[in-house]
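Trainee: The structure under discussion is supplied below as structure tokens; questions concerning it will follow.
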Amino acid sequence: MADSLTEEQVSEFKEAFSLFDKDGDGQITTKELGTVMRSLGQNPSESELQDMINEVDADNNGTIDFPEFLTMMARKMKDTDSEEEIREAFKVFDRDNNGFISAAELRHVMTSIGEKLTDDEVDEMIREADQDGDGRIDYNEFVQLMMQK
């Protein structure tokens, strides 16, 4: 996954890694991670810091080395892309920008891409995604729907 990064990204991440790696030993410890997170306005607990390190600590030595850091950053970038894509897709459906997709908006978009649906089919699609039962799809319901795909 880290091999999908450009040279420029790798060099930016090397710089970021150096900021975390306060003592320059090539390893990020929970203490170093905590220092940087706090400087960014976060306040993670010791166990949260350990969880963050464990998530990417491939060799289970309790610290993050640069290759592990790269893998983590590549993963985060991939997640960000898909989040942005989902947000953009939601905007396409939410034509009046009120934060909800109504049956009429869903029908309009589906028709414009050549999907002729009956009212029952549109209602069924809304029902499948509509978790709070208000008859429309909000952003969180849309995200859940997209993540199931």
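The backbone N, Cα and C atoms fix where each Cβ goes, and this holds for glycine too.
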Trainee: Since Swiss-Prot lists Asp94, Asp96, Asn98 for Ca(2+) 3, which candidate among Glu88, Glu105 does it give for that site as well?
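Mentor: Matched candidate out of Glu88, Glu105, per Swiss-Prot for Ca(2+) 3 with Asp94, Asp96, Asn98: Glu105.
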Trainee: Could you tell me which three-state DSSP class Glu68 (Ca(2+) 2 binding site) falls into?
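Mentor: It is helical.
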Trainee: Within the domain 'EF-hand 1' (8-43), what mean pLDDT does the predicted structure show?
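Mentor: A mean pLDDT of 87 is what the model gives the domain 'EF-hand 1' (8-43).
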Trainee: An 8 Å radius from the center of the Asp21, Asp23, Asp25, Gln27, Glu32 Cβ atoms defines the neighbourhood of the Ca(2+) 1 site; name the other residues of that chain inside it, in order.
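Mentor: The surrounding set, listed in chain order, is Phe20, Lys22, Gly24, Gly26, Ile28, Thr29, Thr63.
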Trainee: Across all chains shown, how many C-beta atoms besides its own are within 10 angstroms of the C-beta of Asp96 (Ca(2+) 3 binding site)?
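Mentor: 10, counting other Cβ atoms within 10 Å of Asp96 (Ca(2+) 3 binding site).
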